[in-house]
């Protein structure tokens, strides 16, 4: 880059890691999100992004105070993580250049970091599938960082608030296991696969995949696990005196001497057909005996009346 030839630019490059500087590579028409950190004292101050034309000239492109732009650059401030993010969309080659992250202090400026944005028509030098990744508490997330140059050192860093980095094959960030694996993809080239295991809610933050001086921010959001458990409740009732223990549809047991009538009414059991048959047998025998006596004694005609439970039986006898 022509501007890198100046002594000032070379000095900035040497101290890039100390000042939060890096390069970002984006394909033409694409988008990217850049993160800028600041110290605790600047939480309530206005933050803004400016594009440098020269060392003494920096044109503001977006600010955190109103009115906010409705163009292709937006900015948001997370005072808890002391990080403000800049999202740039629909990027074109003319958007390439040096950008400064700045804080406004009593009308003056304090630079918190800078980066160089490279917009090219080809494949970016370093990119990820997506800059927003979501995981669940206790689970894991995988981030694939695709890069071009294989000779550079590689890191995975947490950049929200304080900066913590893992280099090599494995490490931990805030007690969460982090593994780095370098492989080659047939279509996308070199891949640095970053895996975070045993996610915790406090792992929600901005991270950065770094290859040399190229860096790509990635935001990881950890959500609480929401498992819908459906349970079936089975209720077993103890058998009662009115229900059989082996048949839920058992008929009630009769506890009195009533008999159901054909229309659902209640009948006197003594008027049942069986009871009448038992009653008529001795009555018939009595009639036979009396008839014999009448034939023998030739008494005057008479009738026998027998009443039982409201039923009247009349038998008339006439001697011959």
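Cβ atoms are placed via backbone N, Cα and C, with glycine included.
Predicted automatically and left uncurated, TrEMBL annotations should be read as such.
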Quick one: which of 185-225, 226-266 does TrEMBL have down as region 'Disordered'?
226-266
Please identify the range among 154-177, 274-297 that TrEMBL labels transmembrane segment.
274-297
Structural state census, the domain 'Ig-like' (124-234) (DSSP three-state):
3 helix, 65 strand, 43 coil
